[in-house]
Amino acid sequence: MAIQWYPGHMAKAKREVSEQLKKVDVVFELVDARIPYSSRNPMIDEVIKQKPRVVILNKKDMTNLKELEKWEQYFEEKGYYPVAVDAKHGKNLKDVEKAAIQATKEKFDREKAKGLRPRAIRAMIVGIPNVGKSTLINKLANRSIAQTGNKPGVTKQQQWIKVGTSLQLLDTPGILWPKFEDEEVGKKLSLTGAIKDSIVHLDEVAIYGLQFMIEKDLEGLKKHYNIDVDEEAGILEWFDAIGRRRGLLQKGNEVDYEAVIELIIYEIRNAKIGTYCFDIYKEMKRDIEHG
Ligand code: G4P
């Protein structure tokens, strides 16, 4: 079930997450590595404020690694500690603890200087739906704890999970809302499965994805569908070629466009065609700096 976000829910989610943040030394801001900027909550800086932050770019297995590096650098320049992981397959998870140690070093050095006893670093995960919060918690805990959460904010009954030797993680993540206001962001969120309902028109999402691949990975696209469409061709010709090749036809041998749209979105969401990062740092840099 998709979450419906209303202003009241958003205010409540923000309040609840802010309250939980008081308990932790460091925040793990979880984003989708295919859209490291577009999958952030629009008010995240207001929520996290000055607290040390590790930005976890999850679903590393599904993205373009060169582009991912640029975003890691971007987050580092902002003063955060970026880590790219693949929570589903348990890759690079040790880096999370390392980053948490680095991010909280100053604070713990201060505590030590004051003569306070050493203690575990406390952390919580925050992010929009479907970026992999529950998957990551379960992997870090080495057992199944977090349910695929669909309740905004934070669930009430909470426990600390021991991770590695120096970390304690809240077993329930903070769930915040995605960006709604920008149409292009909406399409990217849909293409990556962060939004699965009909807030955005699926035909526009499929066209957006197709255009992205034509521009960035023409050969990969042609090879995947085993079709040869002219570079200058219109989108409809691509739909036709894909539909015919895959036998997505209806009465009268006409291409079933709805089926083609569904297929394209499914294959992009599941990284069947290629591993893409839809947030291109170079193209977004100016807007980000002025936004
Ligand atoms: P959430 O708590 O943030 O809402 O997200 P959740 O963990 O439920 O993950 C959302 C989807 O993303 C799940 O897929 C999950 O398996 C997948 N996922 C999480 N991390 C990774 C990753 O690093 N790599 C890949 N490839 N996928 C990841 P699903 O389709 O909802 O379920 P399922 O197909 O895994 O059963």
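Note that Cβ sites are derived from N, Cα and C of the backbone, with glycine treated the same way.
When the candidates Gly8, Gly174, Gly186 are compared with the GTP site entry in TrEMBL, which names Asn58, Lys59, Lys60, Asp61, Asn130, Val131, Gly132, Lys133, Ser134, Thr135, the shared residue is Gly174. When the binding-site residues Asn130, Gly132, Ser134, Gly174 are checked against ligand 1, Asn130, Gly132, Ser134 have a Cβ within less than 6 Å of one of its atoms. Over the domain 'CP-type G' (14-178), the average per-residue pLDDT in this prediction is 94. The maximal spread of the GTP binding site, taken as the longest Cα to Cα distance among Asn58, Lys59, Lys60, Asp61, Asn130, Val131, Gly132, Lys133, Ser134, Thr135, Gly174, is 24 Å. With a 10 A radius on its CB, Lys60 (GTP binding site) counts 21 other CB atoms from all the protein chains. Each of the binding-site residues Asn58, Ser134 was scored by the number of other CB atoms within 10 Å of its CB, and the largest score is that of Asn58.
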